[in-house]
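I have placed the structure first, in the form of structure tokens, so that the comments after it can refer back to it.
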Amino acid sequence: MDVILLSRLQFAVAVFFHFIFVPLTLGITVLLAIMETLYVRTGDETYKRMTRFWGKLFLINFVLGVVTGITLEFQFGTNWSRYSAYVGDIFGSLLAIEATVAFFLESTFVAVWAFGWNKVGKKLHCFAIWAVAAAGNLSAVWIILANGFMQNPVGYTLRNGRAELENFWAVLTNPYAWGQFFHTVTSSWMLAGFFVLGISAWHLARRNEGELFRKSVRIAAPFTLIMALLVAVAGHQQGMIVAEYQPAKLAAMESHWETGSNVPMYVLAWPDEEARQNSVQAIPLPGVLSFMAFGNFHAEVKGLDAFPADDIPPVLLSFLSFRLMVALGGLFILLAAWAWLKRGDLASSPLLTRLLVWLVPLPYIGIMAGWMLAEVGRQPWIVYGLMRTSDAVSPVPASSVGLSLLAFIVIYTALGILDVYLLIKYARKGPKADTTGSVGADDTTGALSDNAGA
């Protein structure tokens, strides 16, 4: 394999492993903030124990997410130095703001929250978790603004062979980035909701801590349903943005080969990239693709025939990742609606409890499919229409990249196994209480100590 493919594979491995941890952090902090607010307002100790239990799982996920995130940024210098030199003035500025403002605030308030139980006032402690949630999602803003520039470069000028920042406001208001942000955040919050529902269902099926997990379900069920519906809305809006700014990606993800008006969407299709047509194409929905892309059944939609062969993204991978994401999105709405209807007595439906437990990984797969579409569908560009991926790699031997790729796979696999092991271990343990029934030792910080020794 050449250095370009190896560098792309290494970055994909690093991003995908890091993004195992990110969505849960973005969403569960919001749920924790809601739970602790209920504790502060009602004084009900169940909400406190609930917050500490789910907080323990959040902290495990957060720590491992930080570890994988630190190594990710170094790849821009090691494997993608030409890219960094070309757009570093813009891309680097956004990452620097994320690290020095949002991540700094998040880390500070995580420490206050994790170690501040019974040491700071209840209202201050509750404020800390709201600050963690806000700062974590603010981090996502800056990261996605950086990615949004790669998808739809704005606010720059070309000078001395590199892109330099000219209009920071244009970068901040990039419509492509904000479409990505809302789609990413709503899906991350939905994932966290399913995470809480799945673990709660497991305990309720075993009649463990019934009151605590029933209340967890009452919070998570409507939250998850709302987010699942918003994911669909945000996804549709993002699709319309893609149609406007990246028509080649839209054509690839829909396997749409010929430019035309009143374009149908096919329920059954299978792209043949060599023949540049669909080998399977059945059950057309007249005008639906035109309507979904532009809000007009008679709108013209560019096909892949409108683009030079060298500018067409991988069609099959874009098509499959899009179909998988959409199919899972529909499943999530149905499952969340069922959980909401049964929120008062989840354990009365054994099938639902089993589904909620076993399908916890599916939101991760759905989000990964969405990001695969976003990145693969942008190819062959690293900055859309401005810099090709083949021109962005560092001048390093393929053997060096191959060895570091192998090391990344080994290390990240070990971290992934550790994360799953710790989450399952502490999720199965459930919340702790002393013999008097009050909140026991600080199990949140205890989890961190156990993690250090693991």
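The backbone N, Cα and C atoms fix where each Cβ goes, and this holds for glycine too.
With a threshold of 8 Å between CB atoms, the same-chain residues lying at least 6 positions outside the transmembrane segment (12-33) that come near it are 51, 54-55, 57-58, 61-62, 64-65, 68-69, 71-72, 75, 126, 129-130, 132-133, 136-137, 140, 184-185, 187-193, 195-196, 219-220, 223, 227, 363-364, 367-368, 371, 375, 405, 408-409, 412, 415-416, 419. Residues annotated as transmembrane segment in TrEMBL: 12-33 (among others).
Taking Cβ pairs closer than 8 Å, the transmembrane segment (53-70) reaches residues 14, 17-18, 20-22, 24-25, 28-29, 31-32, 35, 107, 110, 113-114, 129, 195-196, 199, 212, 216, 412, 415, 418-419, 422-423, 426-427, 430-431, 443-444, 447-448, 451 in its own chain, all 6 or more past its ends. Summarising the annotation, TrEMBL assigns transmembrane segment to 53-70 (among others).
Annotation comment: TrEMBL describes 90-115 (among others) as transmembrane segment.
Listed as Cβ neighbours of the transmembrane segment (127-150) (distance under 8 Å, sequence separation of 6 or more from its ends, same chain) are residues 22, 25-26, 29-30, 32-33, 36-37, 51, 55, 87, 90-91, 94-95, 97-98, 101-103, 105-106, 109-110, 112-113, 116, 120, 156, 171-172, 174, 176-178, 180-181, 184-185, 188, 374, 378, 382-384. According to TrEMBL, the transmembrane segment annotation covers 127-150 (among others).
Sequence-remote contacts of a segment are chain residues at least 6 beyond its ends whose Cβ falls under 8 Å from one of its Cβ atoms, and for the transmembrane segment (181-205) they are 22-24, 26-28, 30-31, 54, 57, 137, 140-141, 144-145, 148, 213-214, 216-217, 219-221, 223-224, 227-228, 230-231, 234-235, 237-238, 332, 335-336, 339, 346-347, 350, 352-354, 356-357, 359-360, 362-364, 366-367, 370, 427-428, 430. Summarising the annotation, TrEMBL assigns transmembrane segment to 181-205 (among others).
For 217-235 (among others), the entry in TrEMBL reads transmembrane segment. Below 8 angstroms of C-beta separation, residues 27, 31, 34-35, 38, 179, 182-183, 186-187, 189-190, 193-194, 196-197, 200-201, 204, 325-326, 329, 332-333, 336-337, 339-340, 342-344, 346, 370 of the same chain, each at least six residues beyond the ends of the transmembrane segment (217-235), sit close to that stretch.
For the transmembrane segment (320-341), the residues of the chain that approach it from at least six positions outside its boundaries are 190, 193-194, 197, 217, 220-222, 224-225, 227-229, 231-232, 235, 253-254, 349, 352, 355-356, 359, 362-363, 365-366, 369-370, 372-373, 376, judged by C-beta separation under 8 angstroms. Annotated transmembrane segment per TrEMBL: 320-341 (among others), in sequence order.
Here TrEMBL flags 353-374 (among others) as transmembrane segment.
Annotation source TrEMBL lists transmembrane segment at 403-424 (among others).
Sequence-remote contacts of a segment are chain residues at least 6 beyond its ends whose Cβ falls under 8 Å from one of its Cβ atoms, and for the transmembrane segment (90-115) they are 55, 59, 62, 66, 73, 76, 84, 124-125, 128-129, 131-132, 135-136, 138-139, 141-143, 145-146, 149-150, 155-156, 163-165, 171, 444-445, 448.
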